[in-house]
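Q: Below is one structure. I have some questions about it.
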Amino acid sequence: MSFNAKDMTQGGQIASMRIRMFSQIANIMLYCLFIFFWILIGLVLWVKISWQTFINGCIYWWCTSLEGMRDLIKSQPVYEIQYYGKTFRMNAAQVLHDKYMIWCGEQLWSAFVLASVVALVICLITFFVVSWILGRQGKQQSENEVTGGRQLTDNPKDVARMLKKDGKDSDIRIGDLPIIRDSEIQNFCLHGTVGAGKSEVIRRLANYARQRGDMVVIYDRSGEFVKSYYDPSIDKILNPLDARCAAWDLWKECLTQPDFDNTANTLIPMGTKEDPFWQGSGRTIFAEAAYLMRNDPNRSYSKLVDTLLSIKIEKLRTFLRNSPAANLVEEKIEKTAISIRAVLTNYVKAIRYLQGIEHNGDPFTIRDWMRGVREDQKNGWLFISSNADTHASLKPVISMWLSIAIRGLLAMGENRNRRVWFFCDELPTLHKLPDLVEILPEARKFGGCYVFGIQSYAQLEDIYGEKAAATLFDVMNTRAFFRSPSHKIAEFAAGEIGEKEHLKASEQYSYGADPVRDGVSTGKDMERQTLVSYSDIQSLPDLTCYVTLPGPYPAVKLSLKYQARPKVAPEFIPRDINPEMENRLSAVLAAREAEGRQMASLFEPEVASGEDVTQAEQPQQPQQPQQPQQPQQPQQPQQPQQPQQPVSSVINDKKSDAGVSVPAGGIEQELKMKPEEEMEQQLPPGISESGEVVDMAAYEAWQQENHPDIQQHMQRREEVNINVHRERGEDVEPGDDF
C-alpha cells in the first residue's frame, strides 16, 4: 500500500483508462446483442406462425392497448381483417370480441414468449462466447508465444499421458515418470553432487531389473547394493578382500595375447601429459609375463607378482626372452628397466590381493558368466564391490574387471531384445576404461543398458579427455540432473536440460491530463532462454531432479521419495589372507619402491655443489663393509616377521600407492645417468644385492638421515601419473578422436 501522490496518480490514471476502455467494449457488445435479440425474435415468429396470423394478432393486441381510450376517440377506426383471401372490416369492439381475432392474438403472444426465451438464451451464450474469445485474444497478446525448443513441466503424469497416447510408455518408471519404451538401451546419465539422489534412481531401475530377471553388472563402491540385493544362490561377488569373492581366473579369462593386452590397458592406465613410455612399457611387460605364465601348471597370482616384482632384473630378462617385452629389460638399459618396473609396481601390486582366491571354489570368468545368460529364467547379478577403506588399493583390479565385463557384452552376440544392465555410480572413481568410448555406442545392438552416475561433467573430461567425454555423454540419452552447487557445473546442467524459443510480450502505458494521451501499446520480441537457470539447479533439494527424455517430450521436474530396502546380506565379509604370503609380498613391494626411489635419483640433474656431492657419498662409508654379508644370513626369509619391519595391512594400503616415483621422460640418452658401479655402491643399508629389504630399521634410519623429504617428493611425482588432473588434447588412448 502506498499513499504517495505519484503512485496514486499513476494508479488512478491507469484505472480510469481501463474503465473507459472497458465501457467502450461493453457498449458495443450490448448494442450488438440488442439488435441480435430482436432479429432472433423475428426469425422465430416467422418460423412459428403465418403472416396472416401475425398481422391479425398484431391488430388484436393494438386494439387491446387502445381499449381504455376508445371512449375518447370520436371516430372509431375500422380495421381490414384478412381471412384466407377474404377481407372483413371490423371496428375495435368487433375485433376484441371476435373469436378468430382472439385466437390470433393468443397465437402471437405464445409465439412471442417462445421467441424471447430462445433469443435470450442465444444472446447469453453469444455474450459468454464473445467475452471468452476477446479475453483469450487479450491473454495471447500479453503472454509469451512459444515458437520452438523444449518445454518444462513439473507434473510427470502429463508426460506419462503423452507417452501413453503415442504408445511409447514403458513399464520402467522413475517415480511417476515412465521412460520411453526400449530407451533403456540408449543409456542413462545421473548428474549431480554427492547425496543428491543418484543412488535412489539406480535402486528404482535395479528393482525393475530384478523383477524382470535381467542380467546385471553393478559397481558397488560402498557395499550398499550388496546389502540390499545380493542373492547367494544366483549372484556373484568380485571383491578380493571379501570371503564371498568368486575364484576369478586371469588365465581362463584371457585366452589370447590381445586379451592380456586389453586387461593391462585398464590395470595400468595411461599417464597424462607425461611421457607415455613408462606406462606403456609397464603394460607390455605385464601382458607378456601373464601370457607366458598361462602354460605353467603351478601358476598363481602370488607367483605372477613374484615374477614381475620380486626376482632380479636378470631373471626377469630371462623369463621374458623371445617376447616383445624383452627389449624393455635389456641389459644395456638396465636402469630404465628398473624404472619401468617401479612404475609397474605401483599398479600391479593390486594383483597381490587376489592371492588365494583361486581356492574359493570353481574357477570363475566374467566372459563365461555373461555367455550363460538365460532368457527363459531369472539371471544372476555380478557385484564388483569395494569400500571406502580399500577402494584406493583395489581401484586397478576393479577397473580391470569392469572393463572385462564391458567387453564381454560383445561376446554375447547381437540381441536387441535381451537386457544386460551395467550400473556404475561414481564412474570417475575408476581408472579410465579405454574400451568404453568405442563399445558404448554399439552396445544397444547387444542389449546393453548402461546407467552411469557422475558428480560433474568436468570429472568425465578429467578422466577421459574432452572429446571422449563428449562422446560418452552424447550416447546417454535419458538424463537426470540433480543439484550441482558450483556455478559452472550448474550452468552446464541448465544448458543440457534445454532452452525454449518464444516471442516475449511487452506492454507499455501512456497517460496524461488529457484523455487523448491515454493509451496502451503491446508488442512481442523474439527471445531464447534456458528452461531453468543455474540458480534453479543449485537450489534443488535432495531427491529432486530434472529429467530429460529422448524425443519431443518436455523436461520434467521430478521429486522422489526415499524407499528403504531390507538388508538381505552383509555388505562385506573379510577374507582370511595368508599372513606369511602377505608379509613376503609387502617386503617385495617395499624393496621395489626403494629401488624405484634409487632410480628416480639417477634421472635427476647432477648436483653442482661439492658439498652436496660429499653428502651423497656419505652413506657408503659406514655400511659398505656389511653389504656383501647380507644375502648370506640364514634368517633372511624370516625378516618380514621381525618387529622392526612394519607390515602393510591388506585393508590399509594407501600409503604404498605414493611410494614409487615415475620418471617424466622415456629417452635414456637425454638423461644424465650415473655409472652402474656407483649405483651398486650406493645401495642403502638394509637392502640386499637382489633389492630385498633385509633390515627395515637400518634402511629407514638411512632414509630419514639422508633423504628426509624424498618421500613427499616422490609422492608428488607419483600423483602426476594417476588420473587426477588432465590437460585436454593430450590423451593418447583409443577413442579420443571421436
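Each residue, glycine too, has its Cβ placed from N, Cα and C.
What Swiss-Prot lists as transmembrane segment is 28-44, 113-129, 396-413. Among the features that Swiss-Prot reports, ATP binding site is placed at GLY192, THR193, VAL194, GLY195, ALA196, GLY197, LYS198, SER199. The region 'Disordered' feature in Swiss-Prot is assigned to 607-690. Residues or ranges marked as region '10 X 3 AA tandem repeats of [QE]-Q-P' by Swiss-Prot: 617-646. Residues or ranges marked as compositional bias 'Low complexity' by Swiss-Prot: 618-646.
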Q: For GLY195 (ATP binding site), what is the tally of other C-beta atoms lying within 10 angstroms of its C-beta?
A: 11
Q: Averaged over the region '10 X 3 AA tandem repeats of [QE]-Q-P' (617-646), what pLDDT does the prediction give?
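A: When the pLDDT values over the region '10 X 3 AA tandem repeats of [QE]-Q-P' (617-646) are averaged, the result is 37.
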Q: Which Cβ among the binding-site residues (VAL194, ALA196) has the fewest C-beta neighbours inside 10 Å?
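A: Among the binding-site residues VAL194, ALA196, the lowest count of other Cβ atoms within 10 Å belongs to VAL194.
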Q: Hey, which of the binding-site residues GLY192, GLY197 is the loneliest by Cβ count within 10 Å?
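A: Least crowded of the binding-site residues GLY192, GLY197, by Cβ count within 10 Å, is GLY197.
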Q: Among all the protein chains here, how many other CB atoms are within 10 A of the CB of LYS198 (ATP binding site)?
A: 24
Q: If H, G and I count as helix, E and B as strand, and all else as coil, what does DSSP give for GLY195 (ATP binding site)?
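A: The residue in question, GLY195 (ATP binding site), is coil (DSSP, three-state).
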Q: Give me the count of other Cβ atoms within 10 A of the Cβ belonging to THR193 (ATP binding site).
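A: 19, counting other Cβ atoms within 10 Å of THR193 (ATP binding site).
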Q: Given the ATP site residues GLY192, THR193, VAL194, GLY195, ALA196, GLY197, LYS198, SER199, which other residues of that chain have a Cβ within 8 Å of the mean position of their Cβ atoms, reported in sequence order?
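A: Checked against the 8 Å cutoff, the neighbours are LEU190, GLY453, GLN455, PHE482, ARG483, ASP542.
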